[in-house]
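Worksheet: one structure, shown below.
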Amino acid sequence: MKEKILHRLESVTKDSNEGSSEDSEDSAESSIDNDDVIRALLQSPTREETRSHEMGSSDVSGSSSDADDVEEDNAGSANTKKGVLVEDEEYKVQHATLQTFKEYARAVGYGWVVALVLLDMLQQTVERGSGVSLTRWTDDPQLGNLTALPADSEQRARLNNYYLAVYAGFGLIHAVSTLVFKLTQEMRQVVVARVLHNRMLSRVLRAPMRFFDTTPVGRIVSRFSSDLYIMDTELSDTMAWAVNSVIGIVSKMAIICYITPFFVLLIFPIAAVFYYVQVVYVPTMRQLERFQSKVRSTIYSFFSETLGGAAVVRAYGVQQRFMVEFQRRLDLSSSARFAWACCGQWLNVRMESMGTVVVGAVVVSAVTLRDTMTAGMVGLAVSVALDMTETVRHMVRMVSWVQTDIVSVDRVKEYSEMTVEADWRRGETTPKASWPEHGEIEINDLALRYREGLDLVLKGINVHIKAGEKVGIVGRTGAGKSSLTLALFRLVEPARGTVRIDDLDTNDLGLHDLRSRLTILPQDPVIFAGSLRMNLDPFTHYKDAEVWESLKYAHLSDFVSGLKDQLDHECGEGGENLSVGQRQLVCLARTLLHKTRVLVLDEATAAVDMETDDLIQRTIRSQFTHCTVLTIAHRLNTVIDYDKILVLDKGQVVEFDSPGQLMDDPHSVFHHMVKKAGLLAKKPS
Ligand SMILES: Nc1ncnc2c1ncn2[C@@H]1O[C@H](COP(=O)(O)OP(=O)(O)OP(=O)(O)O)[C@@H](O)[C@H]1O
C-alpha cells in the first residue's frame, strides 16, 4: 500500500510535470502572468479557509463557496459572454459534487458498488477477526502455562492446530475476498472508463461547430487523455482505498472500544479533530497541487518558447534576461512546492499527535482495567491503536485524492451530455442516390449566426443559382462569403430561411446525406497521415485506374508515378512531405474522384502560386462543366469569366449578375473591385 501511495505521490508530481490536464492547456491558452499566480497563491488559503468553515458535513466536496465561485464565474462570464470566444472552465468543472459521485456509481453499477463495499467490509472483518483469534490463542489458559497442558501433550497439539486452522481460515478468506474484490474492481474500472469514453467520443465527434469554436483543442485532448487516464487507472483505486480506510477506522475503533470501553468517550473529540483536519487540509492540499502544476506549466511553456526562439534570443543578446526570468519562474515553482510540503507536514504533526493521544488513551484504559483485561487483549488494543494513526492519515490523503480525481468524471460527463448536431440521417427524407441531379440552388431569406447571442453574419440572402452555373462569390473580408458556404453544408444551422437544392430543402435532410452529396475544396488542404491512396479514397470506393485518372486531371500523375511507392507513398502528418501546392492538388484529385453536382471552392487557391492556381482553375473548368460551382475568389481574374458574380457585403447580397453586366455598370461594387485590381481590360465578351 505504501508503495502505491509513494507511486501516487510521484505521479501527482509527474502529472504536474507533464502539464497535467487543464493546467497544461491553460498555459497553452494563455501564458499565465506570474503576478497573477503569486496573487492566487497568497489568496487561495484564505478562500479555502473560508470555504472550509462554510462546508456542511454531508457535503462531500461541493460547497457553498464553490457555488459562489461558480456563480461569480457565471456572472462574470454572463457580463462578458458576448465578447468571450473561449469560456474559462476553471471553476465550472473544478469541484465535484455529490451528484458526480452518484454519476460515477451509476456508471459502475449500484449493485457492483454495494458488492464492492460488502467485500471490503468482509476483508476488514476478517482482518480484525484474525487479530482476535490470535488474542484468544495467546490468552487460552490451557496453553498459557505448562501445568495445564504439558508441552508434548496431544491435547495441546490439537488445541494449537485448532487455533492455527482458525487463523489460516481467516487468512484464506482474506486472500480470496481480496482477490475477488480486486478482480471486480479492475473489471468495473475498465467497463466504466470504456462506457464514459465512448459516450464522450460519440458526442464530441458530433459536436456542432460552435463547440470547436469555443473550445481549445488542448482542452478536448486533455479530456481524452488525462481525464480518461485518471478514470482508467487511478480513480477506482483511490476510491477503494478511501472506502477501505473508512471501514478500517470504524472496525479498529470498534475493536478498541470493545476491549477498552472507556475509549468511547474519546471518539467524539477525535472525530472533531479529524473533521477539522479534513476540512482544512483537503481543500488546501488540493488547491496547492493545482497551483503547483499551474506554476510548473508556465515553466514548461516558457522553456519551450525560449527554445523555439533561441535564435532570436541570441541574436538580440538577451540570454541573461531569459535566464533570470526562468530562474524567477523556478523560484515561484519551488515556493508552491514548499507550501505543498508544509501542508503535508502540518497534517503529519496533527496525525502523529492524534495517534499519540489514541495510544495513550488505550494504554491508560488498559492500566485502569488491568484486573479484567488479559495480556493478549491489551496487545491487540495497542497494536490496533498504533495502526490507527497511519489509517487515518491514509484516509485523509485518499479522500483528498478522490476529490481531485472525481472532477475528471464531471469533466467527461460535461462532454458526454453536450448537444450534438442534427441527425446524420433522416429516414423519411433520405434523398435519392442520384440527388442532386442538376445542382440548382435556391437560397431564400437565409440568415445565420454562429452562436446564440452573436449578431447575424448573413442577413436574409436571396439567390437563385441555375443548374451548372459557375458563380464567383466576392466581397470584402468579413462580408460573409465563407459563412454562406458553411450554411450550404449546415456546419452552422441557419437562424432562418432555407436552402433548396434541386427542390429539396436541405434543412429537412440528414447531415450526412447532405454533406456527402456536396463537395468542397477548402483553403487549407487537409491531408491525413497515411498513404496517398488513403488520402484520395479513404473509403476505398474506387479502382486504382480511377484514382490515377483523377491524379492525371489534377496534374499530379507525373509526380506520383515518379515516387518510389507511388499510390502507397506515405504523406506524413498533415502532408508534411508534400508542398502546399501539391497538397492542394491532392485535394483537387480527391474532389475529382468524388465528383458531385455541386462544388464549392473556398479560396482554394489562396495559398498556391499563380501557376498552380491556373492548373486548378483549368481543371475545374474542364472537369466540372456540368456541375454547379461556387467559388469564393480572392483573385478576381479566376472568376471574371464565370457565369455569375455574387457580391456580398456585411452579410447581404449587394450584386448578383453576370460579370460582363456588372463591369459595364460603373457604379457597381464589382466594377470598382475589378478596376482596383487592374482587370477592367479583361472584361469577358
Ligand atoms: N467561427 C466564427 N464564430 C463567430 N463569428 C465568426 C466565425 N467565423 C466568422 N465569423 C464572423 O462572421 C463574419 C463573416 O465571416 P466570414 O468568414 O464568412 O467572412 P468572409 O467574407 O469569408 O471573410 P474572408 O474573406 O476574410 O474569409 C465576420 O464578421 C466574422 O467575424
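Even glycines carry a Cβ here, placed using N, Cα and C.
Range with TrEMBL annotation transmembrane segment, chosen from 231-252, 297-318, 385-406, 539-560, is 297-318. When pLDDT is averaged over the domain 'ABC transporter' (441-675), the result is 88. Long-range contacts of the transmembrane segment (255-277) within the same chain, counting only residues at least 6 positions beyond its ends with a Cβ under 8 Å from a Cβ of the stretch, are 57, 128, 131-132, 347, 350-351, 354, 357-358, 361-362, 365-366, 368-369, 373, 377-378, 380-381, 384-385, 388, 392, 396.
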